[in-house]
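**Student:** For reference, TrEMBL lists these features for the protein:
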- 51-73: transmembrane segment (TRANSMEM)
- 79-101: transmembrane segment (TRANSMEM)
- 141-162: transmembrane segment (TRANSMEM)
- 174-196: transmembrane segment (TRANSMEM)
- 268-288: transmembrane segment (TRANSMEM)
- 300-319: transmembrane segment (TRANSMEM)
- 381-402: transmembrane segment (TRANSMEM)
Amino acid sequence: MKSSEYLSSDMLDESLLKSFAPFRLVQMILGSCRVDAKYRFVTSPTTLQRAYSVTCLLVVLICYSTILAHYFARYVAFPHIYYINFVSLFLHYATFACNVIHVRFVNNDSNVKFYIKMQEIDRKLNADHNKIFNDVLFKTNVMSVAATALVSLLLYASALSADAVVTASFAGPLVAQVTSTFEWLNCANLLIYFYIRIRYINAIITNHLRGTADLPVEEYTKNIFPTMKTLRCLASKTHDFKFSDTDVYLQDIFEQLLRFQSLYRFQMFLFCFKFFTATLLTFEFILLGLQHDIIKRFEFIVLPTVTAIDLIIIVVICVRCEAFYREIKTTKYLCITVLSLIYSGPLRRKAIKMLKMIKEKPPQFSVYDMWRMDAATMIKMINLVTTLMVTILQFALLFYVWKIKK
């Protein structure tokens, strides 16, 4: 008789649902959760939830308008600074609004299918019985949510003002920034899911090539992140490369990665555009604010910190993408090793099929085919931003010298 947990392919295991619970909880509160999860099923957001998201957009818009009317009035005497702040304020709200609209009103069925396919892959790999897979993702998500919430609340506390209206209106940028940051962090942490599954496939092939005699009796499940030996121990209990459909597992992961890319590339486009533009606007505002001695202490703290958080996120995403690509290269190497040892039979055909998949359609996280998220992109983006910051600094210095001489 079939286990009750497999009576419906759409029913998710509790461990998988738990791994995404931290982000799902805060995103439900913020009105930006992609799916609704009840009784181990995931569905599209309800009409009430979408209405709640629209309400959040309007409330945040009112807060931004209040800031523009009450707080930004102090910059009216400095038109350049005023316009920089206005553009920056518009950029932050536009990023927030586009993100919420995209996750709540676009690709609803695809988001549901994405979670279902994640569960199907785990069941094929028998990974749903190994809690360590989802425990890693759960702990990472908890730390990401807790750290982001703590830093955001500290930044908000530093911006408290004697003016109650201004203080209350600052909740708008807080919600907007936190909502976008949680979505980007969720995207970054989902890369861990793909990384561990690819390593698990590599562990299956490695066990076949090296055998399992060198494996320890204990599984080292107390490690925060599963090592290759831990994965080999787990794989040796349920999989043998001779009989496992490893090529099917790899194909499913590649197809799931394409779904992931189609769902999150818009968020990555928003993130990269916002990081590039907001960093330059912040830098120029701080320069002009220091020149005219009108910048407040909390502005000098909050703005660079938000930029630093964005920089950390882009580094994490690119590093994790790079780690995933390197693991794919390991898969390619293992398949070539199998071909060098086996000259005929089903194992050779399986290795050829896997190698063909990697060569013909190498997996990558591309943003609308404009750039690929990897270490090289991260370095190029940081170099471009720093170059433009130096250029802005040079112009400010030249203007200051010209003003003195005049």
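Backbone N, Cα and C define each Cβ position, glycine as well.
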**Student:** Take a look at 79-101, 141-162, 268-288, 300-319 and tell me which one has the most Cβ pairs under 8 Å to the transmembrane segment (51-73).
**Tutor:** 79-101
**Student:** Using a cut-off of under 8 Å between C-beta atoms, tell me which stretch among 141-162, 268-288, 300-319, 381-402 contacts the transmembrane segment (79-101) the most.
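**Tutor:** Between the candidates 141-162, 268-288, 300-319, 381-402, the best contact partner of the transmembrane segment (79-101) is 268-288.
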**Student:** Let me spell it out: take the transmembrane segment (268-288), skip the flanking residues so only those 6+ beyond its ends count, and list any with a Cβ under 8 Å from a Cβ in it.
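**Tutor:** Sequence-distant neighbours of the transmembrane segment (268-288): 78, 80-81, 84-85, 87-88, 91-92, 95, 98-99, 180, 184, 187, 295, 299-300, 303-304, 306-307, 310-311, 313-314, 317, 365, 367-368, 371, 373, 381, 384-385, 388-389, 392-393, 396.
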